[in-house]
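Encoded as structure tokens, the structure appears first; notes follow it.
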Amino acid sequence: MEKQARSMAASILLVLLSLSLTAPSARCQTAATAPAPAAAPAKSIRAVLTKAGQFTKFLQLLKSTQEEDQIDSQLKGKASSGGFTVFAPTDNAFTSLKSGSLNALSDQEKTSLVQFHVLSQLLPMAQFDTVSNPLRTQAGDTGRGKYPLNVTADGAGRVNISTGVVNATVDSTLFTGDRLVVYQVDKVLLPWKLYGPPVPPAPAPSPSVDKDKKKAVPVAVADGPEADSATASEAAPRGMRGLGVGLCGVAVAVAAAWCGM
């Protein structure tokens, strides 16, 4: 019985030893053949705003102006194409606009309005403190009376945006990725070009500039008076000659009368 028990124990040890040797190789084989997880698809601007809710009107404008397609196509492209920062106004922000503010715009102006909410660069919240104003949006020209966008941060996480027409506030960060940042703003960013008053004309040149221009006039232009004086001097001898001829005529007449006597 003792020999039989030893034999069974030895058999069990052999089985356990065999299993311990084959288990790691089986696990390695399973790990090697398991498929790698698929890369996460690029986050679209529609997915971000739809998930956040309350951005129906802005989504409609993104689609109608084809700005949504442009953003998504670049997000799906190479990383060298850069990133985007989007300031998304809520539905309440659009409701607060004056009646007809959007309907009065042409299709091109609506596109410019949407582009005014998009930066062709990634601007995380931490960079608002050091950014240079005015920011250049996809609407283009940041010159006087065009599409300037200025941001200020107070260092406590509050960011204000000024367009020259409205002052808005960044309420929250909806999404932050390696190529897309989306912020919620409490007002529609109305650009000066579309909603601001007419830009006054440039001021007239200062008097000092006029004096400089007068000094630059060539002296030769002042030759006119000399010509007039020359003409006057020539006219004097001609007058004297006329007077002499008249006196001679009188003398001849007197002589003829004398002879007749």
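Glycine residues also receive a Cβ, built from the backbone N, Cα and C atoms like all the rest.
If you look up TrEMBL, you'll see 1-28 marked as signal peptide.
Under the heading domain 'FAS1', TrEMBL lists 42-189.
For 201-235, the entry in TrEMBL reads region 'Disordered'.
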Next on the checklist: I'd like to know the mean pLDDT over the domain 'FAS1' (42-189).
Outcome noted: 93
Checklist entry - Using DSSP, how many residues in the domain 'FAS1' (42-189) fall into helix, strand and coil? => result 47 helix, 35 strand, 66 coil
